[in-house]
C-alpha cells in the first residue's frame with residue numbers, strides 16, 4: 001500500500017516535536033491541543049495557511065475559499081507579523097557579529113545576575129557566556145498600562161523581569177500574571193512566530209531586554225552546541241545504545257556541566273544520592289573504605305573511569321547511601337540530577353539494575369564481604 005506524504009507534514013511534526021522536548025509537558029494530549037490551537041490562531045491572524053496539503057489532480061477543482069474570513073479587531077494588535085526565515089543554530093557559522101555591551105553599575109549587574117540565575121534557557125551557558133548575556137541586556141522601565149509586547153507582533157526582544165507586575169492577555173482574555181520575577185518573549189525569537197500573547201504592565205516596573213540577534217547568537221547557538229556535545233557523549237555510553245535519537249536529545253537537554261579540579265571529591269561514600277554522573281572529559285578515580293580495615297578511614301582504589309563512562313546510578317536505583325567515593329583525576333564531568341534520571345531513564349533501568357549484581361560481586365572480591 002502506497003501512502004502520499006502531504007507537503008508540510010514533516011516540518012509541522014518537527015516543530016511540534018521541538019516544542020514538546022523543550023517544554024516537557026506532563027500531559028502530552030493537552031499540550032498538543034493547545035499547541036495546534038495556537039498555531040491555527042496564528043495562521044488565521046496572518047491571513048494564510050500553515051499546514052499540510054496533498055497534491056490534487058490537475059482536473060480537480062478546489063472548493064476552498066481563497067479569501068480568509070474577516071476577523072474581529074484585536075484592541076491589542078498594533079501590526080501583523082511577517083515572519084522571517086527560521087533560525088537554524090546548527091547552520092550559523094557567523095563569528096563576526098559585533099557583541100553589544102550596555103554599561104551597568106555594580107548594583108544593576110547584581111540585580112540582573114539575581115534575576116537571570118534561575119532561567120532555564122540560560123542553564124546551558126557557561127560563566128563567560130552568562131557574562132555576555134548580562135553585558136548585552138539593557139534596562140527598560142515600565143509604567144502602568146504600558147504594553148511590553150502585543151499579540152501578533154514581531155518578536156524583537158527577550159525580557160526578564162527585575163521588578164513590577166505584568167498581566168498576560170490572549171485574545172483580550174487575561175490568562176495569567178507575573179509579579180517581580182519571570183521571563184517572556186523567547187518563543188517568538190526561537191521559532192520566528194508572532195507574539196502569542198500581550199504583556200501589559202499594571203505597576204511601575206523594570207525589565208531587562210535582550211535583542212533578537214544577541215539572543216540567538218548567545219543563547220540558541222550555544223545551547224545547540226552544548227546539546228551536540230552531550231549527544232555525542234551519550235552515544236558513547238553503552239546503556240544508551242537502545243535509546244531513540246529524540247530520547248537521547250531529551251536526555252542531553254537534562255545534563256548540566258560541573259567542572260572539578262584534580263583531587264576534588266565528586267561524591268563521598270555514605271552520602272545521599274544527588275545524581276548520576278557521566279564523564280565528559282578527563283578521568284575519575286573510584287575508591288572504597290572497608291569495614292574490615294584496621295583504619296576505618298583508609299580507602300582502596302577499585303577502578304579508574306574515563307570519558308563516556310558513568311557512575312552514581314546504583315545509589316539512585318537502590319535508594320541507599322553512596323557505596324564509594326569518586327575523585328577527579330582531571331577536569332570535567334556532567335551531572336544528570338535525580339529527578340531527570342528517574343523521569344528520562346526508564347528504558348535503561350533494567351540494564352542499570354544488572355550492574356547491582358556486578359557491584360556486589362566486585363565488593364566481595366575486594367573486601368571478602
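Glycine is no exception: its Cβ is also placed from the backbone N, Cα and C atoms.
Under the heading 3',5'-cyclic AMP 1 binding site, Swiss-Prot lists 121-238. Within 10 Å of the C-beta atom of residue 181 (3',5'-cyclic AMP 1 binding site) sit 14 other C-beta atoms, taking all shown protein chains into account.
Remark: residue 303 (3',5'-cyclic AMP 2 binding site) has 285, 286 as non-local neighbours, by Cβ distance under 8 Å and separation of at least 6 in sequence. Mapped onto three states, the DSSP output places residue 303 (3',5'-cyclic AMP 2 binding site) in strand. Annotation source Swiss-Prot lists 3',5'-cyclic AMP 2 binding site at 239-365.
Per Swiss-Prot, compositional bias 'Acidic residues' is recorded for 58-69.
If you look up Swiss-Prot, you'll see 81 marked as phosphoserine, on the strength of similarity to another entry.
Annotation source Swiss-Prot lists region 'Dimerization and phosphorylation' at 1-120, citing similarity to another entry.
Residues annotated as region 'Disordered' in Swiss-Prot: 56-79.
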Checklist outcome for this item: Mean per-residue pLDDT in the region 'Dimerization and phosphorylation' (1-120) works out to 61
Checklist entry - Could you tell me the C-alpha distance between residue 271 (3',5'-cyclic AMP 2 binding site) and residue 226 (3',5'-cyclic AMP 1 binding site) in angstrom, no decimals? => result 30
Checklist outcome for this item: Top of the binding-site residues 136, 287 by count of other CB atoms within 10 A is 136
Checklist entry - Does residue 166 (3',5'-cyclic AMP 1 binding site) have same-chain partners at least 6 apart in sequence with Cβ under 8 Å from its own Cβ, and which are they? => result 142, 148, 177, 178, 199, 200, 201, 202, 205
Checklist entry - Say you check the Cα of residue 196 (3',5'-cyclic AMP 1 binding site) against those of the binding-site residues 255, 287, 319; which is nearest? => result 255
Next on the checklist: Please report the Cα separation of residue 255 (3',5'-cyclic AMP 2 binding site) and residue 121 (3',5'-cyclic AMP 1 binding site) in Å, rounded to an integer.
Outcome noted: 13
